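Following: one structure in structure tokens, then a few remarks.
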Amino acid sequence: MPKERIVAPSKEFAKLANVSLKEYKSKYKESIEKPEKFWAEQAKRLTWFKKWTKVLRHDFAKAKVEWFVGGKLNVSYNCLDRHLDSPLKNKAALIWEGDNPDESKVLTYHDLHREVNHFANVLKKFKVKKGDRVLIYLPMVPELAIATLACTRIGAVHSVVFGGFSPEALLGRIEDCKPTLVITADGGYRGGKPIELKKNVDAALAETKFKVNDVIVVKRTGDEGNLNWKEGRDHWYHYLMKDPEVKKECPAVPMESEDPLFILYTSGSTGKPKGVLHTTAGYLLGANLTFATIFDYKDTDTYWCTADIGWITGHSYILYGPLSNGATSLMFEGVPSYPDMGRFWDVIDKYKVTVFYTAPTAIRALMREGLEHIKKRSLASLRLLGSVGEPINPEAWEWYYANIGKSKCPIVDTWWQTETGSIMISGIPGAIPQKPGSASWPFYGIQPVLVDNEGVELKGKGEISGNLCIAKPWPSMMRGVYGDPKRFFDTYFSQFKGYYFTGDGANRDKEGYFRITGRVDDVLNVSGHRIGSAEVESALVEHKSVAEAAVVGFPHDIKGQGIYAYVTVKQGVVTNDLLKKELIAMVEKVIGKIARPDVIHWAPGLPKTRSGKIMRRILRKIANNEFDTLGDISTLADPSVVQSLIDDKKKYHS
């Protein structure tokens, strides 16, 4: 494969595209030079109850940002009500495809509006009011979308927790955000197997110091025999929705632009997950504009983002981006491998999906299966592909382009974060020529800069690598870490003064294309999901046999990054496969299966400085078989540990 292949948009695609290269350059220039004028114009895309008095007020050095000051609007109104006086009323808003291929459901905008209004009044019955937190721990079922939108309708702050997280992970989130109530399901399905949800909620609530008085339970599996039902606390969703005393109509509450919208927890470089706080107007505008522009949205599209709503990708590009544009968004409960490895392609053909947005991890897993399943399907409806969650390697990009897009669909390789709220760097289909493996150019209003380790901006027109920062505020950026302003400032604004620090490294070539090179902190990107090394280490040392643990990432064929755990056991403990299984089970219990280590390397000791700091740089190199580039290890407290780890790596983990 040529080192730097450039794929220009086809004339056919470019002719119908929403944005041309000339228009992109003009709009981008205005968005950087006259940001307030640009964003005031874009804000007309939303419906406001009251117009703002000031577009932007900020002190970036102090992490203070406010957009559309004085304005009032409602997210639910923008996603539902404003579409009802048009033909969109009877258009499919959500297409739900169950884990079982025989289960599906379509909700029009009228249907979704009705259900959201009704459930918003159920929430009000439980005294949920503006500013209260509601924790949602549901599978990918329509009730998840209904619950989030109902929260936004009455001004409650939702916090969706991915259904794969353990009771202990759930407990930490409950104690941090202190929800008025919890919404869960009796269970769920994943790959044909039932998964426990209410049981996990019960376990978390049994341990919490914060009392949750009410739990609303969606009936999904119907396995009532195994439910630990708590009268007075637990309430069936379907009974509540049939309650004749609950009104059907619920007015959308006018919200200030900067009112909190949702909290979404993400891993940090320290053990405790961060509650990323997003606010109303800026977030919605970011999701709305990026969806319409980057996915070249047409009103005839059937759009499918394969993410879970438990992650930011699902928030922005299953719910808020598509629905605020009046799009048809597909919501998928299942996995790409069930009932066989052709499931994604079946769903695309079944619903004539036109825009498909998935993760490199899924692409690599499907790539490994060969072309057998693809040849049995048409995929002719597709016109645009997307990639999200981690950098896509050029080999996977080429496979995706040739075999799924049939060499005619552009690929938007999108870089962004939970914290950024919406896509930051991406190709614009039909406008920007693509380079496999590159996230391309910045979106409107985004001013990325590369800085060295001292915070000095790296300028020049040649190829440059450095720490990726953002120089100016943008509407959809997070406004804080919930309940912890110091952590917000320390994490994102203290390391490089005057910049938002992404935690990623990047390379910029002479044409201005960005390639994301990965995390530069102690956060792992596993299958597109962020996992803090400290979280996994803390889980491992909970085991009575473990004295110490250090976790690093290593290249993984499918996941992008795998989890490599160095474990030192206590004196007298015998290391064996049974203990490895116990440690993996411990991590699954504390965090969830998503964080299970791929490799457990028994370590006689860990390389430390004389002050006791673990040298993770050395551990990463050993995990990556880079034994010849360790650098000077003579200053370590015990340099002999390094050779011992290398010998074991060659012997047991090669």
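Keep in mind that glycine also has a Cβ here, set from the backbone N, Cα and C atoms.
Owing to the predicted nature of the structure, the values given are computational and were not obtained by experimental measurement.
Features as listed in Swiss-Prot:
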type	residues	note
BINDING	R190, G191, G192, K193, T313, S527	CoA binding site
BINDING	G389, E390, P391, D413, T414, W415, W416, Q417, T418, D504, R519, R530	ATP binding site
BINDING	V541, H543, V546	Mg(2+) binding site
MOD_RES	K613	N6-acetyllysine
Cα-Cα separation of G389 (ATP binding site) and K193 (CoA binding site), in Å? 26
Could you state the whole-number distance in Å separating the C-alpha atoms of G192 (CoA binding site) and W416 (ATP binding site)? 32
Between G191 (CoA binding site) and P391 (ATP binding site), the C-alpha gap once rounded to whole angstrom: 26
Under DSSP, is K193 (CoA binding site) part of a helix or a strand, or is it coil? strand
For a quick check of packing: other C-beta atoms within 10 Å of the C-beta of G191 (CoA binding site), how many? 13
Which residues, sitting 6 or more apart from T313 (CoA binding site) on the same chain, put a CB under 8 Å from its CB? C305, A307, Y357, V388, G389
Just to verify: the residue among V541, V546 with the fewest other Cβ atoms within 10 Å, which of the binding-site residues is it? V541
With the CoA site defined by the record as R190, G191, G192, K193, T313, S527, how many Å span the farthest pair of C-alpha atoms? 25
R190 (CoA binding site) to K613 (N6-acetyllysine) - Cα separation in whole Å: 41
Near the Cβ of T418 (ATP binding site), how many other Cβ atoms are there if near means within 10 Å? 19
Rank the recorded positions H543, K613 by the number of other Cβ atoms within 10 Å of each Cβ, and give the residue at the low end. K613
Most isolated by CB count within 10 A, of the binding-site residues T414, S527, is S527
